[in-house]
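Per Swiss-Prot, the features are:
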- 109-128: domain 'HhH' (DOMAIN)
- Cys189, Cys196, Cys199, Cys205: [4Fe-4S] cluster binding site (BINDING)
Amino acid sequence: MLNLKQIEFCLDKIGDMFPHAECELVHSNPFELVVAVALSAQCTDALVNRVTKTLFQKYKRPEDYLAVPLEELQQDIKSIGLYRNKAKNIQKLSKMIIEDYGGEVPRDRDELVKLPGVGRKTANVVVSVAFGVPAIAVDTHVERVSKRLGICRWKDSVLEVEKTLMRKVPKEDWSVTHHRLIFFGRYHCKAQSPRCAECPLLSLCREGQKRDKKGLVKR
């Protein structure tokens, strides 16, 4: 496991690699972000952005999603995985935002997770990106990178990864660390083909060292 100084070194290096890392889901307000993140489960941001480009022209407010039959909304997002269930959740959360929150997306994470289809990860993304609240949202990239480097234990749950990162990373750096770990995992430390040979963290990375000993790191 990495110590705090090593973690700081790793995060600084990742910051050098991806200094402009930010949320890649296109949105213009908190409600659009909630919808986009809800759509992004088990789906790429690129595909979500292709769908929301037209979706957000047709549906601008929570009321708009309730003004059409469920089947119509399902057709509008059909190219996205799990579209039937996601459409149901979008209509349900739209109704709840109108009835319980006066048409405005709640700023509190504990309130956000009450919305259908909004889990802890989605809520953390929304409070961080839309409202500037320090948070670390653990997606597949953040989890993979944290475990490969040895910031977290292999057996840690997603919630344990989040809590470990919150302990080991200064609070003021939570949000930027979240985005940089995503970029590092998405574009460099990929699930199937991590770019270990050109990685500045290879000497510290337990997964990279293991791959190197097996002759899997081609220089």
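Just so it is clear, glycine is given a Cβ too, placed from its N, Cα and C backbone atoms.
All features noted in Swiss-Prot, drawn onto the structure.
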{"residue": "Cys189", "record": "[4Fe-4S] cluster binding site", "CB count, 10 Å": "24"}
{"residue": "Cys196", "record": "[4Fe-4S] cluster binding site", "CB count, 10 Å": "22"}
{"residue": "Cys199", "record": "[4Fe-4S] cluster binding site", "CB count, 10 Å": "18"}
{"residue": "Cys205", "record": "[4Fe-4S] cluster binding site", "CB count, 10 Å": "22"}
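In terms of DSSP secondary structure, the domain 'HhH' (109-128) contains 13 helix, 0 strand, 7 coil. The Cβ centroid of Cys189, Cys196, Cys199, Cys205 marks the [4Fe-4S] cluster site; residues of that chain outside this set whose Cβ lies within 8 Å of it are Arg148, His188, Pro194, Arg195, Leu201, Leu202, Glu207, Gly208, given in sequence order.
In this structure, Cys196 ([4Fe-4S] cluster binding site) is part of a helix by DSSP.
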